[in-house]
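Trainee: Annotations per TrEMBL:
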type	residues	note
REPEAT	47-88	repeat 'WD'
REPEAT	89-130	repeat 'WD'
REPEAT	131-164	repeat 'WD'
REPEAT	200-241	repeat 'WD'
REPEAT	244-285	repeat 'WD'
DOMAIN	340-584	domain 'COPA/B second beta-propeller'
DOMAIN	626-772	domain 'COPA/B TPR'
DOMAIN	815-1216	domain 'Coatomer alpha subunit C-terminal'
COMPBIAS	862-884	compositional bias 'Acidic residues'
REGION	862-899	region 'Disordered'
């Protein structure tokens, strides 16, 4: 059984497949009806209007309807598009067991515990016939798929077949009035619309199910007597053909398979059984642990079944439908219906080659699973699951093309999988011994090789190489040298597809695709929600693959997309330009024409083949939001600009790629305040003063406009702004403009008019306007403010701008390939743009009469310019109409030219560092902390990055220097390169200078040793942990130094573990046993000799004081064996030895056996003796008990214990 989908729910009593969509209805004992998409594995909808269990449910063949019947005596017809019940049919007087739509007529048949079968017209919503005759519950009733028959099964131990031909005639061809009257009488007094044709008796107990064969005159039934019976019928009679025995409890359901000559039954004995309908023997049994089965359903079109049980349902297939095939050159060899066939792509001809023997043992999934072909020897290896895995070797005679009548003798053998690895050699996997046998064409063993991993399948990986698959990884194994050529962790791989040049490989799993190179170096991974079925490489290096529903592509960088939707699953064999050759599930070859424009376009973009990109844009219909989003995401907004018709999207893209002219065109058409504001911000960033001014005019943003005139030095227009503010009665705006202009008299006048006489007096006095000051003083009287004496008064005037008016100067560069060549609007618009290039935009603000108007009195201007407002726009002020000269801005010819395009920024040095290096330290120096963390996680299994945070920052800051250009500009960051010299070309970038080096660690190590000798254990631990945390971010040059770094990790790890144990021991005041154990373990850490002596002295002292004399004597002996230079240590050891020899006993038993070699767990501090299971830290290699798997390492405080890691990389020489 191949389970495709499984649900967990209440007991499932009814099931129905949709004929076209991948949907299944499940009716539950709880009263809920669920609608599932079994391909996506999602619940689409639920319907819960029934009260009590729903036992029957059925989809209509063509309408968006389904029918349900339940224990509430109701039949409900639902529309799944409207998500509601359309109507309810009432008439049954007891539980309804099954319901079914007729395949042609608007009928529903229902079976009920009221001992009747009813036929309903769902269009007129009436009951058109009641079939009576059963004398117990009717458990099921169904229409014949072609004829006017109904079969029913009842607990009265009979199966009945009813003829409803008269009912069809009455419904389909209404007669004249007299005949209709006689029919009405017949209906009233009991008609003969349906008559019993046969009563099938033979079951000893109640019959639960009966169903017709799709094409043959057969019926299958299942009953409480635990038997499945087959019945045959003709025009006059029906009889029992055979009985299938095997179930050990009531048979719930039995069906003929729609596409195979088999019967499927299920039972309350928790099993599904598959029977051969011809031989009438059992083929297979599938069991569940605790769930009884209640219902079966067969898909009307495809090879799928569903079964409902106590806790849900399963959708499954009985056999694989993928044909075994092998592609070689211009042909594909494949197996179809026990024949080996060949199909030539060039001629599109199909020919039979030879007959494959039928498997001897009956059963499912016995067909060929894989096929391997040797073109030079014209030999074929066919593998199947017969006898637990076997292969057959056929050598195809040269004259056998098209002559396949004779059965060729095959050389056979057992093996999980077999594949050709050379011209006349093939490899067979022997799973029991985990070795591969290399055989010749005589089926003789030539060589044996033990595989490096526990392998369950082998695939071809080039001449003499095998790709070995384990549960979670694949490796390439060289059969000659017997070594591993590549290793990659993957989900469980089902199929392997090599590119024609063997440079790339696609590893296909159930829901993912991993792309790697020939050495299994990972390139990208794709995840699919729908199952992946097959794939092949095209000539451009793009991987084309199929899922159940689509043909898709995968680019070398991992980008993917849909090429075509599929009605039925197909298996890709070969790709020729725009033709994909496939095998379908029937074993037929079919070419599918595809449009490859989209993925070729994206491939050209990735390869920076811009001439091809431009040609494709001009000649093909590439469009759509997905393509625009892709171009934006990949950093090509300037290309996306030429796909877009929507002005808002064009505006956003134009701003993104800095095309201010296109943005201006779109802003004019959109004409919304927000878009003008954003245009102004971008124009200001580019230094395009004219468009900034125009955008501020359109948004009526007078404050920004005044400030803009100030910083560009346009004082003439600034004075006009002050007049406008006066007319608009905007006092603050007018005062700011006067302040910007340095116009003292105007400021005094504004303050005076606003009633701020003290401020006006101070302003006039400070600036020496004595006549005005005296006049204001007279008005103030006695309230004249006192002014302090200032020795050196200074006039406050805004500074002169650095650059007066005009746009910023721009670099002139050659127009890019996408400029002009694709710009269909460039011609006319640019002429307009340049015509007014020298026009002074501000002349539109020439308000000569403003001075003569009183504040707020603007009626004169409104009358004067009423007609002009609709023509030119200008500023479009609410209270003031400006003259028509202020039109759209034009860039000056000296600053903007039709051949200008903003230069593409060069790649930052930090990005170059990150691209070239696979060393975490260099990524951290480049500021790419995220990638550095991912590298460390992959190489060393590091998960806790808190201790490394400050080191990352130090590396980044230390590899850059910072220059200050001038006060108003941001600080310039400059990358510092390692080993830089003046003689090196400026275009060649070296690796980053790093603040940490190996010699610093040497100093730290000496400091740690010194602190340990002095007994400053906390300080020593700090030194050693610093070394452990710094090593992942060290870079050395030579391979010899790499070995030294790895050796240093082991040294430091021993000290960290030992010191942590000793510090822990010192904390334990009231646990003498544990104190002795920790002291003993510390003495087994691999330390420098002086420190080992101190540890032994310490352990000896602790054990002696606790009267564990035997253990203390052991430490004393070990201490004396080191020949201690300190006489006090030697003397103490000898004294302890003498005292212990008098009484060689331990007062307490310790968890310590010095005779048995052990390592200490870094978390629990218990010994792990030789032969016991343990897990290690992938970075510091500290050992732990198995329960610590997945926990953070307590020694280095960085890595996850037991995680997979590739190993430390600290030198460029490791990656060459």
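Cβ atoms are placed via backbone N, Cα and C, with glycine included.
Just so you know, TrEMBL annotations are computer predictions that nobody has curated.
Describe each of these features in terms of where it is and what it packs against.
Mentor: The average pLDDT for the repeat 'WD' (47-88) in the predicted structure is 94.
Among residues of the same chain six or more beyond the repeat 'WD' (89-130), those with a C-beta under 8 A of the stretch's C-beta atoms are 14, 55-61, 65, 67-71, 73-77, 136-143, 145, 150, 152, 154, 162, 164, 167-168, 171-172, 191, 193-194.
Sequence-distant contacts of the repeat 'WD' (131-164), counting only residues of its own chain at least 6 positions beyond either end whose CB sits under 8 Å from a CB of the stretch, comprise 94-95, 97-98, 100, 102-103, 107, 109-113, 115-119, 193-201, 203-212, 214-215, 219, 221, 223-224, 231, 233, 238.
Here the repeat 'WD' (200-241) has long-range neighbours at 136-137, 139-140, 142, 144-146, 149, 151-161, 247-256, 258, 263, 265, 267, 269, 273, 275, 277, 280, meaning same-chain residues at least 6 beyond its ends whose C-beta is under 8 angstroms from one of its own.
For the repeat 'WD' (244-285), the number of residues in each DSSP class (helix H, G, I; strand E, B; coil) is 0 helix, 25 strand, 17 coil.
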Trainee: Can you work out which residues elsewhere in the same chain, 6+ from the ends of the repeat 'WD' (244-285), have a Cβ less than 8 Å from its Cβ atoms?
Mentor: 1, 205, 208-214, 218, 220-224, 226-230, 291-303, 305, 307, 309, 318-319, 362-364
Trainee: Residues of the same chain, at least six outside the repeat 'WD' (47-88), with any C-beta under 8 angstroms of its C-beta?
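Mentor: Cβ under 8 Å, 6 or more out: 13-19, 23, 25-33, 35, 94-101, 103, 108, 110-112, 120, 122, 125, 300.
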